[in-house]
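Novice: Once you've had a glance at the structure underneath, I'll fire off some questions.
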């Protein structure tokens, strides 16, 4: 706050699973979750067959508004309370008569705030979608049963202004990838502090965080599937033979470049990839033969970069 001036920001954490939604920004733990069907409050209503995923979403909202008087004069006039923000999330979810993507829901919600409240100049919405999948029992999809398919979370962030500008960023967190061969690391600087030997054979593993910025509207579910597929393909390579990785850095760049090729509406990709180590182990009375490893979580290096098209400014600063 500058002396004599104030700019207000109101933040509300809330959850919605009645429509695809988005997750909270880093550091926020405000999270409420509800029933995971966008339109069917009654599981037996038959409104949707839901042969695919059942979204269960955490939604976070943040409003920038002209609220200097709340700070300087103690007046709450025209303030959009966090209670109003929370209830609006559920209201917008109720208006979604059909399933929609997290990005579509976040766009609806952000634009509602800036169009409804004159004092609000910008609305930001984050969504995290948990990986619920319809359960399969005896080779048959369960009518109303779901199971969590892993730790990966689909994310999106939307910003809308009163002037009509909307930005959409999508991504994934907790995408765990591993390959047991076709990876090495050699030719790096060696000095008296270096104990790591060069190698052309190692396990490569990471827990990927990725985000990409859209420059045009997209079929967001299809675009997400294409982006995720590009990340896996560039990391793992062809199913029959794989692809050699000389470093996490090189693989990261190939992942970002392939994502931009597969998703033409994206212009900037941020990737964070911790280099998770599997250390060779020589059990007592035996020798290591590329068979027994010790999985470690710490210490490890963390590699990150933003890959963009041409001279495009990156959407995420390192």
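Glycine too: its Cβ is placed from the backbone N, Cα and C atoms.
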Novice: In TrEMBL, which of the ranges 1-55, 56-110 has the region 'Disordered' annotation?
Specialist: 1-55
Novice: How many other Cβ atoms are found within 10 Å of the Cβ atom of residue 249 (5-hydroxyisourate binding site), counting all protein chains shown?
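Specialist: Its Cβ has 16 other Cβ atoms within 10 Å.
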Novice: Neighbour count, 10 Å Cβ-Cβ cut-off, for residue 83 (5-hydroxyisourate binding site): what number do you get?
Specialist: 10
